[in-house]
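Trainee: So TrEMBL lists these for the protein:
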| type | residues | note |
| --- | --- | --- |
| COMPBIAS | 1-11 | compositional bias 'Basic and acidic residues' |
| REGION | 1-48 | region 'Disordered' |
| COMPBIAS | 37-48 | compositional bias 'Basic and acidic residues' |
| DOMAIN | 45-289 | domain 'Anoctamin dimerisation' |
| COMPBIAS | 69-83 | compositional bias 'Basic and acidic residues' |
| REGION | 69-95 | region 'Disordered' |
| DOMAIN | 292-838 | domain 'Anoctamin transmembrane' |
| TRANSMEM | 301-327 | transmembrane segment |
| TRANSMEM | 381-401 | transmembrane segment |
| TRANSMEM | 457-481 | transmembrane segment |
| TRANSMEM | 501-525 | transmembrane segment |
| TRANSMEM | 545-566 | transmembrane segment |
| TRANSMEM | 667-690 | transmembrane segment |
| TRANSMEM | 718-742 | transmembrane segment |
| TRANSMEM | 794-814 | transmembrane segment |
Amino acid sequence: MPSRTDDEWRESVQLLGHEADDEGEEGPLVLDVASSKSRDDPGTYFNDGRKKIDFIIVYEEEKLSEKQLQKKEKEAATRRDKGLPPTEEDLEEKKHGEWRKSFLENIQKAGLVLEEDAVETEKKLIIYYKLHAPWQCMTFFAEELGLKAPLQAQPNPHLNWSERILAKLKLPNPMLSDFPFYPVDFYTCSFKRTKLHKFVGSSNRDTFFSNLDRIRVVNEILQNITYGKRKRAEVGIDRLLEEDVFQAAFPLHDGPEEYEGIQEEKMNRRQVLRKYWARWGAWYKYQPLDHIREYFGEKTAIYFAWLGMYTAWLLPASIIGILVFMYGVATSGGNIPAIEICESSETYKMCPLCDEDIGCNYWFLSSTCSSAEMSYLFDHLGTVFFSIFMSFWAVTFLEYWKRKQASLAYHWDCMDFEEEEERPRPQFAAQAPMLEKNPITGILEPYFPEDMRKRRWLTGIGVLVGMVSLVLIFMLGVIMYRVLVSIPLFQSDIFRSEAQSIASMSGAVVNLILIMVLGQVYQRLAGMLNDWEMHRTQTEYEDNLTFKVFIFQFMNFFSSVFYIAFFKGKFIGYPGNYGRIFGLRNEACGSGGCLIELAQQLVIIMVGKQIINNCQELIIPKLKQFIIRYKVSGSAFGRGGDSNQSRWEEDYQLVPNEGLFEEYLEMIIQFGFITVFVAAFPLAPLFALLNNWIEIRLDAQKFIGELRRGVAERAQDIGIWYDILDFIAQLAVISNAFLIAFTSEFLPRLLYHHDFGTLEGYTDFTLATSPPNTTNTECRYQDFRDREGNHTIFYYRLLALRLGFVIAFEHFVFGISRAIDFAVPDVPESLEVKIKREAYLAKQALQEVQ
């Protein structure tokens with residue numbers, strides 16, 4: 001709702017009045033029983049037991065001892081006697097008190113009913129202001145906000161394709177769960193007070209508006225209430241929270257979460273979600289998306305719908321990945337190059353892996369037998385097939401997600417949802433140096449000069465570039481670490497064969513630690529930069545923060561992986577002409593190739609990140625809750641260990657809900673791991689699937705039991721995250737094409753087999769001989785070079801084949817992807833019929849009666 005002038009608010013007050021005495025009017029219960037007042041927790045009502053608490057505002061006041069009060073009064077009297085002005089602290093306290101008083105008065109003028117509840121703890125006096133929107137207020141603002149109201153019931157659609165398939169096959173479906181109080185689905189249209197009688201359930205004022213609608217209306221009022229001068233942007237609860245005038249503002253949970261020993265028909269919505277969704281035993285069940293939407297709103301429900309569908313689609317990808325890996329295990333016995341290495345004994349005397357003058361010795365290729373056998377598990381014909389499969393998988397998943405989100409957006413009445421003209425962010429309003437008239441609303445609003453904001457944005461981009469450069473510097477440090485660690489291992493007869501594996505794996509652990517530390521540092525820095533850049537609206541703020549954090553985290557997690565995949569071992573040189581960095585020879589790939597090292601790196605970083613994140617999600621909310629409870633009451637168990645706390649006290653001691661940014665970011669990075677480098681690690685989808693089964697339950701438990709209930713935000717899709725997913729899917733095609741062409745041994749072996757009809761002799765063919773007078777003893781090294789160190793004809797033929805493969809692979813996958821995009825409509829045909837039917841009913845219901 002756009003910002004309103006004071007005159008408009010006064011007009012609203014005249015229309016609304018204070019008709020709170022009509023609450024609790026009896027009438028037939030037409031809507032779904034889930035909305036029934038009889039199942040609501042008594043602790044979510046005013047003291048009269050009739051008015052529903054729609055929102056809570058909290059104010060804390062430090063308790064002062066008698067001595068502290070006397071000292072404060074004495075200091076104030078001394079300043080008055082000396083003719084000194086009050087201190088800045090006293091002035092700010094006075095100003096905040098005036099703002100608080102004005103805000104609370106204007107809340108009641110706007111039509112809300114307010115009730116106060118004070119709780120005294122050891123350290124503080126905490127005042128809870130309970131807010132309720134009466135019927136007149138709800139109907140007025142429901143029309144202003146365009147809330148949807150029910151016209152006619154319709155069958156609740158089954159949105160699970162797996163459920164439909166199993167039903168047609170007449171197979172039992174273990175994923176089904178008999179959720180109680182399933183919300184009824186309706187054809188709807190925008191609410192109109194003059195057409196109230198045409199809406200289903202309008203005769204019962206207690207249940208006509210859902211708790212979600214009530215929360216949205218009250219929140220919208222709170223965002224528009226003035227407490228000072230509107231031209232100074234002294235408007236809205238958010239800025240008061242920013243200025244620490246109030247400590248919190250949030251809607252209540254529907255009651256306690258514990259459900260043991262409670263009859264199902266008496267459970268509140270929170271208990272239903274706890275039992276049928278947030279319980280570990282429900283890991284294989286469908287998510288109750290309608291219940292989630294009814295409790296948390298569309299934005300949160302869309303996230304869990306996306307996460308659930310993504311996890312379901314990981315199941316076939318995991319199965320194919322396991323089959324590809326098992327194919328490698330089953331056919332490894334016929335891997336001729338590995339057999340030749342293992343049986344070569346002392347046939348191939350290899351050049352030292354570091355300079356002879358520092359003690360590195362010659363070695364025999366047969367010592368790398370185990371590495372050569374292991375590398376085949378990740379580098380065979382099946383990995384090529386799996387790369388193509390996962391490219392199609394990513395594109396098809398995104399296409400079907402568009403259909404799914406379109407169906408959900410219609411089902412949840414937000415298909416035509418569009419953000420109205422957004423008001424300035426409270427932080428922007430508080431810090432903007434001037435006012436300027438909004439060209440749309442005509443209202444003076446805080447303004448920050450555009451040229452100054454652009455300079456700040458460019459500075460932020462400069463900091464991003466600097467942090468990415470820091471990531472590359474740390475990556476170079478890890479490379480140097482691997483080189484320095486491998487030198488003493490090369491010098492050892494015991495560890496020489498495993499030197500590169502040990503250095504690579506220990507380097508990956510060091511890299512993971514640096515990644516997690518840098519990620520935490522940058523996210524805090526990005527938040528500070530985003531605040532400093534003065535983005536006017538919340539949408540601008542979130543989009544810029546998402547862009548900054550994603551670019552950095554993508555480089556942070558994938559720079560070392562890209563290095564191993566595409567650069568390591570490509571600039572080694574040859575005996576007598578080695579490439580060097582800081583005087584040390586460049587890294588070389590092991591005898592099994594860089595693909596095995598890439599797989600090791602992916603396992604450690606991807607799985608390690610998942611373990612760390614899950615531990616954080618388990619521990620951090622509980623730690624934050626411990627700190628909040630201690631600050632509020634001086635006890636980690638609430639008010640002095642008292643278990644008989646009110647609903648608002650318990651909810652205030654939960655962790656503030658900070659949104660879904662972190663949840664999306666974690667899953668987007670995971671999506672990159674399972675698509676961009678899947679050619680090197682076919683088991684990545686399996687690890688992602690196992691993690692997501694845990695992730696859904698951890699997130700559910702966090703939202704139900706550890707976080708305050710957030711304001712229900714509307715959304716019709718996952719927003720900018722879809723564009724990022726699409727970018728990653730396109731990048732995955734290119735990355736896997738180059739990975740197979742330039743890192744895998746697939747094409748060299750294919751060309752050799754084409755020339756000679758067999759892979760026998762391939763090992764000797766890939767080993768060049770050191771040029772004369774470059775080593776003390778003639779030795780071999782891996783490359784396609786002649787005795788003078790020049791590339792052979794086979795090398796250039798292979799290079800042409802690699803480039804041709806990349807072009808063919810990309811054109812084939814992108815061509816099929818475009819065909820899938822064309823063949824799969826974004827909106828299902830059956831949904832289009834429902835949309836037209838609803839539009840017709842809305843027109844019939846709202847037309848004037850002649």
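Cβ atoms are placed via backbone N, Cα and C, with glycine included.
Situate these features within the shown structure.
Mentor: Applying DSSP to the region 'Disordered' (69-95) sorts its residues as follows: 21 helix, 0 strand, 6 coil.
Proximity of distant same-chain residues to the transmembrane segment (301-327), defined by a Cβ-Cβ separation under 8 Å and at least 6 residues beyond the stretch ends, is recorded for 162, 286-287, 289, 292-293, 377, 380, 382-383, 385-386, 389-390, 393, 397, 400-401, 404-405, 408, 412, 660, 663-664, 667, 671, 674, 678, 682-686, 688-689, 692-693, 695-696, 699-700, 715-718.
Long-range contacts of the transmembrane segment (501-525) within the same chain, counting only residues at least 6 positions beyond its ends with a Cβ under 8 Å from a Cβ of the stretch, are 371, 463, 467, 470-471, 474-475, 478-479, 481-483, 485-486, 489, 495, 549, 552-553, 556-557, 560, 590, 597, 600-601, 604-605, 608-609, 612.
Remote same-chain partners of the transmembrane segment (667-690), defined as residues 6 or more beyond its termini with a Cβ less than 8 Å from a stretch Cβ, comprise 307, 310-311, 314-315, 317-318, 320-322, 324-325, 378, 382-384, 386-387, 390-391, 394, 550, 553-554, 557-558, 561, 565, 595, 598-599, 602-603, 605-607, 609-610, 721, 724-725, 728-729, 731-732, 735-736, 739-740, 743-744.
A Cβ distance under 8 Å defines the sequence-distant neighbours of the transmembrane segment (718-742), meaning residues of its chain 6+ beyond its ends; these are 302-303, 306, 383-384, 387, 390-391, 394-395, 398, 401-402, 405, 542-543, 546-547, 550, 565-566, 570, 595, 664, 668, 671-672, 675-680, 802-803, 805-806, 809-810, 813-814, 817.
Within its own chain, the transmembrane segment (794-814) is flanked in space by residues 388, 391-392, 733-734, 736-738, 740-742, 747-748, 750-751, 784-785, which lie at least six positions past its ends and keep a Cβ under 8 Å from the stretch.
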Trainee: Can you tell me which parts of the same chain pack against the transmembrane segment (381-401), counting only residues 6+ beyond its ends and a CB-CB cutoff under 8 A?
Mentor: 306, 309-310, 313, 316-317, 320-321, 323-324, 327-328, 671, 674-675, 678-680, 682, 685, 722, 725-726, 728-729, 732-733, 736-737, 739-740, 744, 746, 809, 812-813, 816-817, 820-821, 824, 826
Trainee: Quick one: mean pLDDT on the domain 'Anoctamin dimerisation' (45-289)?
Mentor: 84
